[in-house]
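K.L.:
Structure incoming, see below.
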Amino acid sequence: MASERPISLFDDDDQEIEPDGVDVVKRNVAYYFHPDVGHFHYGQLHPMKPQRLVVCNDLVVSYEMAKYMTIVESPKLEAEDIAVFHSQDYVNFLQTVTPKLALTMPDEVLRKFNIGEDCPLFAGIWDYCTLYSGGSVEGARRLNHGMNDTVINWPGGLHHAKRSEASGFCYVNDIVLGILELLKYHKRVLYIDIDIHHGDGVQEAFNNSDRVMTVSFHRFGNYFPGSGSIMDKGVGPGKYFAINVPLMAAIRDEPYVKLFESIISSVDENFNPEAIVLQCGSDSLCEDRLGQFALSFNGHARAVKYVKSLGKPLMVLGGGGYTLRNVARCWALETGVILGLRMGDEIPGTSLYSHYFTPRLLRPNLLPKMADANSAAYLQSIEQETLECLRMIRGAPSVQMQNIVGIRLDEIEQIEENERESQSTIEREVYKVSEKMEEECIVQERSKSPAAAFPPGQDPRRIGQYWGYEGSELAPPRSRSDIIEEEKYEDQDRRKNLNIPGIP
């Protein structure tokens, strides 16, 4: 499939990076990094690779961007900092567990905290959690006190973690911790998520709050975590303050950017946030190992650039991303975008990993594997429903509530009628398109040959919620989750039948 014309990224007022030795104007940006954060290891065959953070930081340094911002070594959080959101028993578990100790634990304990194939235990897990979360919490404090206009913490952005359990490769939800810190000084905080997966952990944490609006652009349908319907709008006082933009596979730059800018512009107008948190999961890029979107580097970075243009205190975080070279490229490029720099496309030879990039370009062309499943009519219906939802919260929440609380009975009845109509048209259309896409995807037949032996937690066929990627073929994740669960329990039964002491 031929590559499409790339959309523009740099503006006329973006500056070229000055050569070494020339004085530059330092931006009011803090960049968090710790040399140890990329040294942790989920497992040889696990798709999450913290090493991507080291490669990204190397590109940032090689492009000489460090001199344009304040570099801060990420602090480690204490247990009480993490317990601000997470339950105490879960915090105690993370703080004390080791892979060796886990071998002596009952299965019920590990299941309680959702520890398994997707979220394995590995050496140093507590240090890893405290490091990637430290930049998000301290970064929020910098914004609170006006020390910086923008903070960047690429190791953060782990948006799936729940209050009492791990989920989707995420253990501690640094985003929720950072937002809770921002709420100490800001009446309204906007959270935007451009990861391909729904930001379920963050929405769940603030689902009944009118002080935090969550906006998630994500792949919808038979795809992890399976949530994020357009009709999921929050509850109680948080009704209409959860915005979900469910998209189908292989969306391209132009429709994505158009939809993104339209919705975020309306969010800014109606919600009027005092601070913004932007999660930049790069698994929404084309050619991601687990992703199914078709965004270019320019398309992904354009979303970041637009949010920056709103001129609000901004915290920028990482997130998903499983093609390591492209994760590093993406976040290095977006560091430059935040700094207002025009970066050369050839990766500098000073990079320790320059030989690792083929081609040696910052923004190589990425080729979609499938046709765009998002029709113009579908995207228009998503946009229309979302803008209608945003008009319901016009007037600053927690400051002026009369537009919601003081609404007349006949207006309430009209709203409920509109919701029922939307439910019957838009959500039906969402599931119809989703089912069609899943039917067109390639699903491998279950192998009849004996299973290959893999170390515990490293069988790629049993990364349960993300299963389905095989070589160059792209099968729908979770499309065989029932078979995987069946195999898991069959394996447990075989182990029990052996009746040998010491075998879990």
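Including glycine, each Cβ sits where the backbone N, Cα and C put it.
Annotations for this protein, taken from TrEMBL, read as follows:
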DOMAIN    46-335  domain 'Histone deacetylase'
BINDING   ASP118, GLY168, TYR322  substrate binding site
ACT_SITE  HIS160  active site, proton acceptor
BINDING   ASP195, HIS197, ASP283  divalent metal cation binding site
REGION    444-504  region 'Disordered'
K.L.:
When the pLDDT values for the domain 'Histone deacetylase' (46-335) are averaged, what is the result?
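P.N.:
It averages 97.
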K.L.:
In terms of Cα spacing, which of the binding-site residues ASP118, ASP195, ASP283, TYR322 are within 10 angstroms of the residue listed as 'active site, proton acceptor'?
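P.N.:
Final answer: none.
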K.L.:
Around the residue listed as 'active site, proton acceptor', how many other CB atoms lie within 10 A of its CB?
P.N.:
29
K.L.:
Can you name the binding-site residues among ASP118, GLY168, TYR322 whose CA is within 10 A of the CA of ASP283 (divalent metal cation binding site)?
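P.N.:
Matched binding-site residues: TYR322, sequence order.
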K.L.:
Cβ within 8 Å of the divalent metal cation site's Cβ centroid: which residues qualify beyond ASP195, HIS197, ASP283?
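P.N.:
Residues close to the divalent metal cation site, other than ASP195, HIS197, ASP283: ILE196, HIS218, ARG219, GLY281, SER284, LEU290, GLY291, GLY319, GLY320, GLY321.
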K.L.:
Check each residue in the chain of ASP195 (divalent metal cation binding site) that is at least six apart in sequence and keep those whose C-beta is under 8 Å from its C-beta; list them in sequence order.
P.N.:
GLY157, HIS159, SER216, HIS218, GLN279, CYS280, GLY281, ASP283, SER284, GLY319, GLY320
K.L.:
I'm trying to understand the geometry here, so how far is the Cα atom of ASP118 (substrate binding site) from the Cα atom of HIS197 (divalent metal cation binding site), in Å to the nearest whole number?
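P.N.:
The Cα atom of ASP118 (substrate binding site) is 14 Å away from the Cα atom of HIS197 (divalent metal cation binding site).
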